[in-house]
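Q: Attaching a single structure in structure tokens format; questions to follow.
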Amino acid sequence: MAGGAVVNTGGGKDYPGKLTMFVLFACIVAATGGLIFGYDIGISGGVTSMNPFLIKFFPGVYRQEQEAERNQSNQYCKFDSQLLTIFTSSLYLAALVASFFAATVTRVAGRKWSMFAGGVTFLVGAALNGAANNLLMLILGRVLLGIGVGFANQSVPVYLSEMAPARLRGMLNIGFQQMITLGILCANLINYGTAKIKGGWGWRVSLALAAVPAAIIAVGSLFLPDTPNSLIDRGYTDEAKRMLRRVRGTDDVEEEYGDLVAASDESKLVAHPWRNILQRRYRPQLVFAVAIPFFQQLTGINVIMFYAPVLFKTLGFADDASLMSAVITGLVNVFATSVSIVTVDRLGRRKLFLQGGAQMLACQIVVGALIGAKFGFTGVADIPKGYATFVVLFICAYVAGFAWSWGPLGWLVPSEIFPLEIRSAGQSITVSVNMFCTFIIAQAFLPMLCRLKFMLFFFFGAWVLVMTLFVAFFLPETKNVPIEEMVLVWKSHWYWSRFIRDEDVHVGAGVQMMHSNGKIQAAKLNV
């Protein structure tokens with residue numbers, strides 16, 4: 001079956017060990033790095049719908065909005081402002097650049113110090129934004145927030161994938177996405193409350209409170225242990241073995257430790273990971289390092305989450321109701337991500353990708369048709385409350401589909417597919433592509449909404465169809481495969497196997513490679 005070839009679960013080794021409280025606590029603390037990313041996604045859309053914020057920093061947008069409401073002019077175009085989108089998207093450009101520096105920090109100093117650097121930088125950015133008196137100060141704060149996001153998104157998914165037992169890697173890694181959704185929800189609730197503050201300074205509270213999730217990850221990272229993979233790679237072999245025993249809750253770690261050492265020895269032969277990742281044998285990982293974050297942004301989710309309050313205003317909701325609708329989508333996001341946590345290691349990555357893609361596609365077609373039926377191409381209409389509520393229901397169904405598929409899996413899959421020698425470089429590419437596409441979508445959404453009108457939903461729907469077919473044909477199943485043996489998955493795939501020679505497969509002394517019908521399978525040696 002196309003895309004369905006996997007290594008037999010007996011092929012990847014089932015290392016002894018269990019989920020210890022030590023590992024669970026470490027993964028929960030590390031996952032809080034997602035809070036800063038989620039909080040910013042939720043907060044930026046909320047403050048840009050607050051009139052006092054617009055009056056102070058974007059008076060032209062405020063006048064344009066008021067004029068559109070007075071004259072009942074084109075609802076699609078009333079928020080179209082490059083300055084407003086620069087405020088939102090500058091963070092992602094900064095995160096893109098920062099992720100390349102974060103790759104070096106993550107590899108040389110360890111994952112925890114990359115998280116710490118991200119938390120501290122985000123903290124400074126939050127302080128600047130909360131105290132901003134002019135647009136330059138506001139944008140500078142956003143840039144610092146972006147640097148923090150770049151470091152956190154680089155290090156956290158890799159840390160989680162390395163710490164987790166193979167059979168629970170999906171569940172623990174998706175904790176990062178769960179924290180992103182919690183950050184979005186908290187931001188929406190805070191916006192709902194601060195919008196009611198008299199005096200027009202509620203937006204300052206919203207922006208300044210970003211310091212709370214920043215402090216959580218900055219302080220929490222100081223108490224995190226390094227992963228055994230990172231310790232071995234940096235030469236601390238004895239400490240790595242002690243840490244591996246602790247994280248697996250057993251002294252029987254020789255086999256897994258041998259595989260980690262073999263992977264580290266292989267990585268030390270790679271002097272230039274950025275150059276090596278371009279080699280033919282890493283082609284599958286490189287393709288997915290680019291394709292998954294690229295497709296994740298083209299699902300259209302950030303259009304909903306960045307601009308949910310703006311979008312609901314366009315649908316005819318009042319100011320408070322629009323923020324409340326954003327809170328509703330935030331709740332859906334949190335609960336649906338929990339579905340992914342409990343199913344990803346049972347159903348696997350492919351099934352969630354395919355089901356979520358089908359659900360998102362159907363919802364985008366319905367929402368586009370409903371908005372088009374009322375607003376048409378003129379963008380002028382009075383939308384009944386019941387009709388708007390119906391649209392919101394389908395938007396929530398779309399958010400749920402994303403939240404148990406492309407949302408968490410967009411971070412999980414790239415973080416678990418790279419061999420150690422190119423892992424930092426590969427994750428950096430994933431973060432960079434994610435941030436670049438987020439920047440482009442954030443910058444282009446409002447002009448696209450103004451020009452494409454309701455057809456924008458069909459535009460993103462077409463991309464969802466493309467990415468769902470891509471997964472169906474080219475993504476192998478990676479559940480339950482030890483992270484250092486992931487090369488076996490690619491070697492057994494109907495398409496990617498052509499890029500990997502037998503001599504490119506190195507998985508440690510406990511695994512013997514045997515040919516069977518053109519595929520390589522793994523079997524434990526009786527040693």
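Glycine is treated like the rest: Cβ placed from N, Cα and C.
Automatic prediction, not curation, is the source of TrEMBL annotations.
Model, not experiment: these values are computed from the prediction.
What TrEMBL records for this protein is below:
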type	residues	note
DOMAIN	26-479	domain 'Major facilitator superfamily (MFS) profile'
TRANSMEM	19-39	transmembrane segment
TRANSMEM	83-106	transmembrane segment
TRANSMEM	113-132	transmembrane segment
TRANSMEM	138-160	transmembrane segment
TRANSMEM	172-190	transmembrane segment
TRANSMEM	202-224	transmembrane segment
TRANSMEM	286-310	transmembrane segment
TRANSMEM	322-344	transmembrane segment
TRANSMEM	387-413	transmembrane segment
TRANSMEM	425-446	transmembrane segment
TRANSMEM	452-475	transmembrane segment
Q: Cβ under 8 Å, sequence separation of at least 6 from the ends of the transmembrane segment (138-160): give me the contacting residues as numbers and ranges.
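A: Distal contacts: 27, 30-31, 33-34, 36-37, 40, 57, 86-87, 90-99, 101-103, 105-106, 111-112, 114-115, 117-129, 132, 169, 172-173, 175-176, 207, 210, 214, 217, 224, 227, 411-412, 414-415, 423-424, 427-428, 431, 434-435.
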Q: Which one of these stretches, 19-39, 113-132, 322-344, 387-413, 452-475, has the most C-beta pairs shorter than 8 Å to the transmembrane segment (83-106)?
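A: Highest pair count goes to 113-132.
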Q: Averaged over the domain 'Major facilitator superfamily (MFS) profile' (26-479), what pLDDT does the prediction give?
A: 85
